[in-house]
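A.B. asks: Quick one: structure below, then a few questions.
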Amino acid sequence: MPKIAVLPGDGIGQEIIPQAVRVIKAVLGTKEAEFEFKEYLVGGVAIESVGKALPDETLRACQEADAVLLGAVGGPKWDHLPSPERPETAALLGLRKGLNFYANIRPVRMLPSLISTSTLKEEVLDGVDMVVIRELTGGVYFGEKGRSDNPRAAYDTMSYSEEEIRRILIKGFETAQIRGKKLCSVDKANVLETSRLWREIAIELAKDYPEVELTHLLVDNAAMQLVRNPKQFDVIVTENMFGDILTDLASMLGGSIGMLSSASLNGTKGMYEPAHGSAPDIAGKNLANPLATILSAALMLRYTFAMDEEAARIEAAVEKVLEQGYRTGDLARPGDKVLGTVEMTDAVLAVL
Ligand code: NAD
Ligand code: IPM
Ligand code: MN
């Protein structure tokens, strides 16, 4: 029986995950009985109840599951903890590394119905449709780090092996191959040794993908180009931290951080989570946009369970409710009627 480990986590994670589960179950219909959905503790809530952000039971369940559906982890209550115990590092990075989810896919698409809600100009956004592929288990997040107290100093090391770079670039080329055949590799090769190796390997691999046009951008320029003319991009591939920063920026090209879904893959096994965090500023108030999580659930059906039709049905339902003018606060303009997390999901379910 296919297993889905459900990890709501902290803050708005507790609100958006149950909504995404409602949508998955609705689209599965009678097939729901063929799946096992089981909820586990993760993040700050796990620290509170069992003293550990990534309890052994949760890790084991995720190892045994076909897919993990995660809300978000972290919050001010746990910010004082030493790095290895924090929800973000122990739980989120622990799961990504522990399950080797090295390929993070973040699709950014501007839906016509959301164009006018953006802070950017319509002509810049009209037609934006790109995928950012972020390396997720290497780089400065996982390199050697340390601290000394006298004198006060700290360091984090960015390191990458050839194999780590090669496999994520291959994911980039393969994705470009089945899309618009344009791959932009983003690095900082004017300064960083890891980026020089990255660029070298990208150029070597390009020979295997003659149909894909490979370009390179330095990350600072890439940030500027994403705002200046985002339509130039089809697929972007980049290292872990650059990808983190650029995808929050790129989320606004799709209307809101509340719309940005993500899949973290190791083959067909994956962890699916919205790109945003636990949003402590709006948590517990039924204000969060559930659509990034609902769209992540669609990615789960597509990538892990090869249920393309069901995934497309969810995506179409999301588009439909937005066309009908349904808005959560992050998408609303003055005068719009604002829906809560639950009511937005009700609207999606009504279309389904
Ligand atoms: P955040 O993404 O949680 O919030 C940034 C801003 O976007 C906030 O104003 C928030 O209200 C808004 N926002 C985010 N998601 C939204 C949604 N679905 N609907 C409407 N508005 C939304 O980032 P942050 O404030 O920098 O981080 C808060 C906490 O979340 C921190 O502890 C951080 O470490 C953690 N975090 C976790 C993850 C994760 O678990 N994947 C990702 C990012 C941040
Ligand atoms: C994300 C988040 C995480 C990251 C944090 C919470 C560790 O910002 O998934 O984008 O930096 O990868
Ligand atoms: Mn992030």
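Backbone N, Cα and C define each Cβ position, glycine as well.
Per TrEMBL, the feature domain 'Isopropylmalate dehydrogenase-like' maps to 3-348. The NAD(+) binding site feature in TrEMBL is assigned to 75-88, 277-289. The substrate binding site annotation in TrEMBL covers Arg96, Arg106, Arg134, Asp220. Marked as site 'Important for catalysis' by TrEMBL: Tyr141, Lys188. As annotated by TrEMBL, Mg(2+) binding site applies to Asp220, Asp244, Asp248.
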A.B. asks: Where the criterion is a Cβ under 6 Å from an atom of ligand 3, which of the recorded positions Gly75, Asp79, Pro87, Arg134, Lys188, Asp244 meet it?
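C.D. replies: Cβ < 6 Å from ligand 3, in sequence order: Asp244.
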A.B. asks: Could you state the whole-number distance in Å separating the C-alpha atoms of Ala283 (NAD(+) binding site) and Asp220 (substrate binding site)?
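C.D. replies: Checking the Cα atoms of Ala283 (NAD(+) binding site) and Asp220 (substrate binding site) gives a distance of 33 Å.
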A.B. asks: Are there any residues at least 6 positions away along the chain from Asp220 (substrate binding site) with a Cβ closer than 8 Å to its Cβ? List them or say none.
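C.D. replies: Those within reach of Asp220 (substrate binding site), by Cβ under 8 Å and sequence separation of 6 or more, are Lys188.
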A.B. asks: DSSP secondary structure for Arg106 (substrate binding site), reduced to helix/strand/coil, please.
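C.D. replies: The three-state answer is strand.
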A.B. asks: DSSP on Ala283 (NAD(+) binding site), three-state: which is it?
C.D. replies: coil
A.B. asks: Mean pLDDT for the domain 'Isopropylmalate dehydrogenase-like' (3-348), as a whole number?
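C.D. replies: It averages 98.
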A.B. asks: Please give me the CB contact count at 10 A for Ala283 (NAD(+) binding site), counting all chains in the structure.
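C.D. replies: That number is 18.
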